[in-house]
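For reference, TrEMBL has these:
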type	residues	note
REGION	1-21	region 'Disordered'
COMPBIAS	1-17	compositional bias 'Polar residues'
REPEAT	80-103	repeat 'WD'
REPEAT	104-145	repeat 'WD'
REPEAT	238-281	repeat 'WD'
REPEAT	324-354	repeat 'WD'
REPEAT	363-401	repeat 'WD'
DOMAIN	609-756	domain 'Peptidase M20 dimerisation'
Amino acid sequence: MQQYSSNIINQPLLSSKPNEKTINENFSTKSEIIQRSQSPTPLRSLNRIPQKLEIQPTKPSHTLTLGDNSVLSLVCSYKYLFSGSQDPYIRVWDLSAFQQIKTLRGHTGGILCLYLSGDYTMLFSSSGDETVRVWNTETLNCLYVIQSSHDVGDLFSVVYSDSLETLYIGCQNTSIQQFDLSTKENYRSLNFPLPLKSSSETEDAETAKVCAEISYIPKYDDDNDIPRYEIDETMVYWNSHNGYVYALLLGNNKDGEILISGSGDGDVKIWSIEKNSMNLLQILKGTDAGVLTFALHEDLLFCGTQGGDIKIYDLETYQHIRTLVAHEDDVLTLVISDHNLYSGSADGTIKKWSKTFEILDTFKDHTGIILSLTLSPKELSSHSRWLISGANDQLIKFWSLPVLFNDQESMDTSTADVMLYALSKWVSLRTVSGNVKNFEECLRGAKFLKSIFEQLGAEAFLLPGAPGQNPLVFGKFLGIKDNKLATATRKVQKTFNILVYGHYDVVNAEEEGWLSNPFEMFGKDGYLYGRGVTDNKGPMLAAIFAASELQQEKGLEVNVSFLIEGEEENGSEGFYNVVDNSKELIGEADVIFISNSYWYCDEIPCLNYGLRGVIRATIEISSSKSDVHSGMEGGAVSEPLNDMIRVLAKLVSNDNHIQIPGFYDKVRPITEYEEKLYEPIVGLCARRTQDKNPKDLKNLLMSRWRHPSLTIHKIDVSGPNNVTVIPRFAKATVSMRIVPDQDLEEIASNFMQYVELVFNELKTDNAITITLNNLADWWLGDPENRFFKATEEAVKQEWGIKPLYVREGGSIPAVRWLEKKFNAVAVNLPMGQASDQAHLINERIRLQNLYNGKNIFKNLFKKLSENTAAT
């Protein structure tokens, strides 16, 4: 993922000088709409919202990028965010996954305004192409097009009265136009302008020139069946203002339903509206600063103006209450949420105002002009809303706005954003294993996880490791003890036990190269970024919340236990002893689930049925002498680095064959069944890499996944960084990846003996030391067993496609050991994509994968509960 775009358009959207000419010039063309210018504390409670929130959000919770297009307009329904930009497209974003799902095409100019009907079923879009389009928000199809019979220029604002079924449009030509949707068939237009022909198709060059100068609206192919309606002359209110009509707003006061209009002339006009009529009630005289945007709260009307002020009027008395000197540049957008006013400005800031007109917060994360603000519906979440902002930095940002509850109300812990809240807190704890300085932080991370288990209804315990080692966290969700079948038959049935294994420790992360602090989770373009979001904190929380939700729904008829360690990235040091000593607490396991690997690609879900084992060793060759100068001693001493090179050169032959005696003797032969599992993967690869044939692709995958390998990682030497020094020791790190049916201890022993043999043949004065740093056995599952098949069905149910069966070249030390310990099979359910960057900079996980992963686990636990009850 690249850095945020910082392509700020230099010219201001609206000049800060209060004259109508500048405003008119800036909005005058359709094709140049925008050419204007310390560690956190653990989570206190997942189950209750605090009544008082002392700190307001100052950073967005998620960011979307639009490439090269400024965000001119935004509106939010229950399911989707709709964004309009300077290109002629409306982008539709899925609010659950923060990803674009569709582009609405039809307009030929920038999308200046978006508006939703009160029931969220219709979307209205106005454009620089002089038309309004009406869209169905469920099917996302265009229902019809509304256009004026005159040249009206840009349509800056559109609002819709549900009670009157009437659309109101604010136009560049200073008119306000209205259109009654209930009588639209009376105004059907058959005048469809035709696309221009190319010059080669016209009769002569002069005709082509004339055609090129004619204003026309090119049609999309889809438009052939879309009705087009014209606004009747009687519904056009000419010269409604003495300037462009930038803002419209619907409201109610003592006179009934009203329309409020604002213009570059500085006036605010109040109109009484009824079916097919509009009468001027009042003119609120402003200054010569143009009125650009409105917000209404009870009887108070807020007007954002050119120059940076917000004017406030009382609609009951039509009096000017006060003027807020709000921003350093034009106020372009206003919204109100829970008695707070939010203002967005060309100065690049969003300000939050209290009901007493005091500034509560300033949001400064955008790097461009704030062009649009909108709010998610209150009904979208039981405890929070989003303020959503768009700017000419080509970004859309989501700001979390908590809603306050009283002490008797609690948060629904089944909601996905509680899971994300917990994940963000957990990521902020630097649970880096393998370094004593992180021990306290790892302990806090373990305690935090324990508190999550307890708040979600599970039993939870910390299982201490050896001194200096991080504890394990054990959590257990109990199934319904008396299921229906047991009650009916009066028989005592053995409870089915599921064990989920994972880890909470992470590898270290330097901030250089990250989009943001790696230990502060943030969202961008449907992905969550931060160390541990995919390896392995995100997948573990998804599984935990899945079990909790099913338990709350009374659908959990099995016990689901979690064994989450804090030393996995450090070779699972001490893990086996802790589990051995806690076997009585942990109990039995009938199946073990893991979610600690990744899809083969970014598009197709996978199930992992095999991991290579690993033997990591250090070879050190040293001299009894100190570092010496090569000019003084070169040729007279045995040089450790020369010896090291000779030893390492004997490990692998020229044709990449590993030379350790007996290394390949027990490697399991490839079966016909295994060959078939590679076929769909090779087919996928072949479509992507046309330069390789299927056989080469299969061999490449097998080399990565199912063939053993030996790697020399690095060589370190003693002494200063000086090219004339002979180092007194050389140290090399070597690893071997082993596969079924290689014996871990046998391979390790043969390696040490072989290295010593090669070294002794050198007859050198130096000494050698071989240290085994890490040993982890291989694992191979059976894709045909019932647990893999149940998982396959759950994946297919959620993603709508059968998963690929893959293996992985990496290692998870505990998997095979757990299978043996509990006499249970393991299933590895990858949750992340191939591009998740685990262990690397900008580690991430896609929100959709996290949500779907939770649902897969939930459906899987439910399926196993039903199967258990039926037996």
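Just so it is clear, glycine is given a Cβ too, placed from its N, Cα and C backbone atoms.
Note that the coordinates shown come from a computational prediction; the quantities given were computed from them, not determined experimentally.
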Residues of the repeat 'WD' (363-401) by DSSP state, where helix covers H, G and I: 3 helix, 22 strand, 14 coil
Top Cβ-contact partner of the repeat 'WD' (363-401) among 80-103, 104-145, 324-354 (pairs under 8 Å): 324-354
Taken over the repeat 'WD' (80-103), the model's mean pLDDT: 95
Secondary structure content, the repeat 'WD' (80-103) (per DSSP, counts of residues): 0 helix, 16 strand, 8 coil
Folded-back contacts onto the repeat 'WD' (324-354), same chain, C-beta under 8 angstroms, at least six residues removed: 12-16, 56, 292-297, 302, 304-312, 360-364, 366-375, 385, 387, 389, 391, 399, 401, 403-404
DSSP-assigned states of the repeat 'WD' (104-145) in counts, ordered helix, strand, coil: 0 helix, 23 strand, 19 coil
The repeat 'WD' (324-354) - residue tally per DSSP class, helix then strand then coil: 0 helix, 19 strand, 12 coil
